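Per Swiss-Prot, the features are as follows:
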- Gly39, Gly40, Tyr41, Asp56, Phe83, Asp100, Gln107: S-adenosyl-L-methionine binding site (BINDING)
Amino acid sequence: MIERDNGTKRHIPVLLEPVLAGLAPLSGATVIDGTFGAGGYTRALLNAGANVTALDRDPHAIREGKPLVDQFFPRLRLVQTEFSQLDRVIEEKVDAVILDIGVSSMQLDEAERGFSFQKDGPLDMRMAQTGLSASDVVNHLKIDDLIQIFRILGEERHSSRIAKMIEKRRRIRPFLRTRDLAHEIEVLIGRKPGDRIHPATRVFQALRIYVNDELNELTRGLFAAERVLKAGGRLGVVSFHSLEDRIVKKFFSFCSGNRKGSRYLPEVESAPATFFPLFKGGKTASEEELQKNPRARSARLRIGIRTQVDAMEADMKLFGLKEIANFESNK
């Protein structure tokens, strides 16, 4: 959400009040904001008296954040890196870590970044602006790979039909623009009057997650946060769709001592908890916030409190992401 402050635009992140309450006390605390974005959480943390190291892999976010660094120097440090590297950019243990997963409002609102089909732009979606773009994926990956991407990362039930349409169309003309791809999907799947969700939404989600390796980045970031937090420190994670939230929920459940087996990970002996939940389940936006910011509708906040137990060894299999991890390694 964007609010105006003295005539200037200022980003207000989702679930801000429960995030600040859940990470308190913040005065004098050392906090890592692993997903700086437009700086909404970082600014609020600084205003609450915290010392913040903010990370973002997007060079545009880093450039835009320089005035905030100047304003709050020396209490703010801004670093261009993935949040999975957060335990490598700060030496001391910290009091809190906040992660706001997925694409930022700033990225969605800039058509030239190619994250959204609400405005036409190049089919890009790269947060770090390096590596494969969404256009590269759509125009060059095998049809079976596209089906997997749409089915697993987008939970798209029409994945096969959409992938076959893409393969047929790209032989004639490549997909280079966001609205071109969205339009072709809408023509294929159809859209009834009053449908709230555009038929291309899940495909765009899947492409963005794949291009930026978001689920693997999240799993690595959770373990990194566990390593860097001091006893009593708090890890807050805001997620926006079921894939992300299942990973976060599984992580906190496992770290709390609930270590039931799965088809990916055999049942293991119980071990001392490295986290315990601040509250049961996840917090969602209030009706008041939803009226101001409809984007908060799918947001869910989970917070864990770090114990004195040593961090466990990172094991990606506990998330049940074996299929996704193996598939993504073939990019």
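The backbone N, Cα and C atoms fix where each Cβ goes, and this holds for glycine too.
Bear in mind that the values here come from a model prediction, so they are computed numbers and not experimental data.
Mapped onto this structure are the features recorded in Swiss-Prot.
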residue	record	Cβ within 10 Å
Gly39	S-adenosyl-L-methionine binding site	27
Gly40	S-adenosyl-L-methionine binding site	24
Tyr41	S-adenosyl-L-methionine binding site	30
Asp56	S-adenosyl-L-methionine binding site	27
Phe83	S-adenosyl-L-methionine binding site	27
Asp100	S-adenosyl-L-methionine binding site	25
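Annotation note: Gly40 (S-adenosyl-L-methionine binding site) sits in a helical segment as assigned by DSSP. For the recorded site, Phe83 (S-adenosyl-L-methionine binding site), the DSSP three-state label reads helix.
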